[in-house]
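Written out below as structure tokens is the structure these notes cover.
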Amino acid sequence: VGFKAGVKEYKLTYYTPEYETKDTDILAAFRVTPQPGVPPEEAGAAVAAESSTGTWTTVWTDGLTSLDRYKGRCYHIEPVPGETDQYICYVAYPLDLFEEGSVTNMFTSIVGNVFGFKALRALRLEDLRIPTAYIKTFQGPPHGIQVERDKLNKYGRPLLGCTIKPKLGLSAKNYGRAVYECLRGGLDFTKDDENVNSQPFMRWRDRFLFCAEALYKAQAETGEIKGHYLNATAGTCEEMMKRAVFARELGVPIIMHDYLTGGFTANTSLAHYCRDNGLLLHIHRAMHAVIDRQKNHGIHFRVLAKALRMSGGDHIHSGTVVGKLEGERDITLGFVDLLRDDFIEKDRSRGIYFTQDWVSLPGVIPVASGGIHVWHMPALTEIFGDDSVLQFGGGTLGHPWGNAPGAVANRVALEACVQARNEGRDLAAEGNAIIREASKWSPELAAACEVWKEIKFEFKAVDTLD
């Protein structure tokens, strides 16, 4: 039988509204903005085709395979409320299209090519449903929430962190000194900034040594286990692994990686190393806003968060709801739950398009960081709950008396909020009063309250629900 050459409409092959999705399919929800004159069915089918088996014309080699078995299918389309030309197109991909245990391959297939497609004005991947059969091919986070608590011996409260500033320009010795003061004052963690790798003013090995010295000294003085996120991100995977190995030899509890700039392949390798060697892995999302900030084009952060849980990381930055960085409350809590919980029900009011079962993949601790200070502590404790890291960079180091008093102020504020919550008080309503009461017993907290009493970062969130 000859084949019929020529171009035919995508929707004839790839738009299948009668299709019943399988438990093993990867499901995607795309926000599609077609070019004027392109019907939504054709646009949705084009997305399904270009991200699976299709190309722009019929090819004779189609006859050598079973398209029905391997093609992506656009199985449902709904208009976006309040928009005239946007649609949510649901696409189902057969599992055989993807390499096991490879986030890299999953993204190359689903978002690799189709975003430059001419028939679309814009395209955004809003959510993915990863089937359990595929999840079981991933190791996921090196340790997860419970193992981390056991390693640190810290229970019943959020953990406190601080990014060392100025992020660039300090010598290794002064950097270590700043780390020591923060940890000595009562923080659980300090953090390398995401762009601290190994620059001329501070090479990585020197930084690792001085930070290790700082955290052992703080540990001995406070009797608490301390950590510093040593950034192992590097220009090559081999160099990254070398840094991770050195961190393990120093006996530190945690290292760090920039997973988007470093790449999923590097990140997954590092996560495997961390599990095999007992290191916790802190993940920074540098570059995420390039991908996720536009409402009608790109990839929503909840998808990047799911991908990170599969690739592997014990902490990930996830917005604050109250600080200087983007994040609306319901949406942020939607992907915070995606990171922590075993099972998440579909809930469109929180931007969750699919029910997701993580089976036995460990959870990831969300990190709230960016423009937060002691007055935010009640809100953060209430919004994020115990399984979170609250990270105050300027909110620690900007204290008028220095780093250690800044750390004391944050720890006192946190302990006051946790105690008030445990006594049944309403943190949302009484937050300011709780902080004021605590500041009577802590001059460090009183000074912090005074400095930041007027600060607000009030802008309308870009990332809103429809």
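Heads up, the Cβ atoms here are built off N, Cα and C, so glycines get one too.
Bear in mind that the values here come from a model prediction, so they are computed numbers and not experimental data.
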Listed co-binder of substrate (same site as Asn113, Thr163, Lys167, Arg285, His317, source Swiss-Prot) among Ser66, Ser360, Ser369: Ser369
Least buried by Cβ count (within 10 Å) of the recorded positions Lys191, His284, Arg285: Arg285
Sorted by sequence, non-Lys191, Asp193, Glu194 residues with Cβ within 8 Å of centre, Mg(2+): Thr163, Ile164, Lys167, Asp192, Asn195, Val196, Tyr229, Asn231, Met256, His284
C-beta crowding around Thr163 (substrate binding site), within 10 angstroms: 24
Entries of Lys4, Asn113, Thr163, Arg285, His317, Ser369 which, being recorded positions, have CA atoms within 10 angstroms of Lys191 (N6-carboxylysine): Thr163
Most crowded position, judged by CB atoms within 10 A, among Lys4, Lys167 as recorded positions: Lys167
Site extent for substrate, whole Å (max Cα pair distance, Asn113, Thr163, Lys167, Arg285, His317, Ser369): 37
